[in-house]
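Chemist: Just passing along the structure, written as structure tokens.
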Amino acid sequence: MVAISKLAFPVFSLALLTGASPLESREADPGVIEDFLKGTLTPVAQLIKDIVSGAKSAISAEVDSKPSICLTACCKWYDVSKELTTLFTGPDGQCNDNARAAIRMGFHDAGSWDKSSSHGGADGSLLMVFGEENRPENNGLQGIRLLLRGVKQKFGVGYADLAQYAHNHATITCPKGPRVRTFVGRKDATKANPTGLLPDVHDSADNLIALFKNKGFSAHDLAALVGAHASAKQRFVEPAKAGFPLDTTPGIWDVEFYNDTLQEPPNPNVFVLPSDKVLSKHPEIKDEWLAFVGDQPHWNEDYAKAYVRMSLTGVSTLNLLSLTDCTRTLPKSKSWP
């Protein structure tokens, strides 16, 4: 996610939790996801292939309640979903600071990877005990990390799945957010993710586009992904304006961000990241940026498609073939007046 490396969120108090199950070997297959989704595929792997190719939507309205007798890989996620709904919803019904941080956590865990990496990606390493929470680019994620470690301990789910599930849950907890297809069954990390692969708020548009291209994302994808700043607030880029939102409606997942970033003179109540500004004007992105203004369905669909790819960075061929679709455990979409 562009320009998230220097954003931060409130630190929430929770005792550090220890104890983890023995780690299985986890190595990423270098290359982008299309390289792996070939030949005979499981139904879920075929669904992922269809999503990343654009043949099927990355959004699903399928939702149900936990059955009284539950024997599938999704069973624990109904309980996780209920817990996260409480943690991520503010008293006004909008998504809160926990949700904002979980969205950023999903990006930072998955984004430390590119197509030449032999490890890293969406592997839960940022939630684990490898010290990634102390990296400068992850400043402000310490609180949500502890909160999610508590959820992991309570329900016994994997770190890698939880980082991405929490992102998708937070997205739909925000009114107007898409119900992004959500898969579980990833292997947890066995070491820290590579360094130097997350974007910076002061980088040029050309460098940001190249950075994401090396992760398998087009400039079109990048334009969609950066819209997650619709729910963000900045704290460290300009400390004097700590807590300023990046659009006028930070508790709602809407396209106001795209319009607010373009305003001249800028809205004094909105903080525009330097990287967002340069991307909005770049010739490879500006047309798509403008197309998102006022078009919520367009953005939701493009965002969901790109984020499915993000949520599976670094997942190996064999691991992709064994994933389960647990989207139905997410809460229902919420409209907003």
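Note that Cβ sites are derived from N, Cα and C of the backbone, with glycine treated the same way.
Pulled these from TrEMBL:
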{"type": "SIGNAL", "residues": "1-22", "note": "signal peptide"}
{"type": "DISULFID", "residues": "Cys74-Cys326", "note": "disulfide bond"}
{"type": "DISULFID", "residues": "Cys95-Cys174", "note": "disulfide bond"}
{"type": "DOMAIN", "residues": "99-271", "note": "domain 'Plant heme peroxidase family profile'"}
{"type": "SITE", "residues": "Arg104", "note": "site 'Transition state stabilizer'"}
{"type": "ACT_SITE", "residues": "His108", "note": "active site, proton acceptor"}
{"type": "BINDING", "residues": "Asp109, Gly121, Asp123, Ser125", "note": "Ca(2+) 1 binding site"}
{"type": "BINDING", "residues": "His229", "note": "heme b binding site"}
{"type": "BINDING", "residues": "Asp247, Thr249, Asp254", "note": "Ca(2+) 2 binding site"}
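Have a look at these and tell me how they're positioned relative to everything else.
Modeler: Every protein chain shown contributes to the tally, and the Cβ of Cys95 (disulfide bond) ends up with 27 other Cβ atoms within 10 Å.
The number of other CB atoms found within 10 A of the CB of His108 (active site, proton acceptor), across every protein chain shown, is 26.
Of all Cβ atoms in the protein chains displayed, 35 besides its own lie within 10 Å of the Cβ of Asp109 (Ca(2+) 1 binding site).
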Chemist: For the recorded Ca(2+) 1 site formed by Asp109, Gly121, Asp123, Ser125, name the remaining residues of the chain with Cβ within 8 Å of the site's Cβ center, in chain order.
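Modeler: Output for this site, in sequence order: Ala110, Ser112, Trp113, Gly120, Ala122, Gly124, Leu126, Ala160, Ala163, Ala189, Asn193, Thr313, Gly314.
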Chemist: What does the structure give for the C-alpha distance between Asp254 (Ca(2+) 2 binding site) and Asp123 (Ca(2+) 1 binding site)? Integer Å is fine.
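Modeler: Distance (Cα to Cα, whole Å): 28 Å.
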Chemist: Please report the Cα separation of His108 (active site, proton acceptor) and Ser125 (Ca(2+) 1 binding site) in Å, rounded to an integer.
Modeler: 10
Chemist: Counting other CB atoms within 10 A of each CB, which of the recorded positions Arg104, His229 comes out lowest?
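Modeler: Lowest Cβ count within 10 Å among the recorded positions (Arg104, His229) is Arg104.
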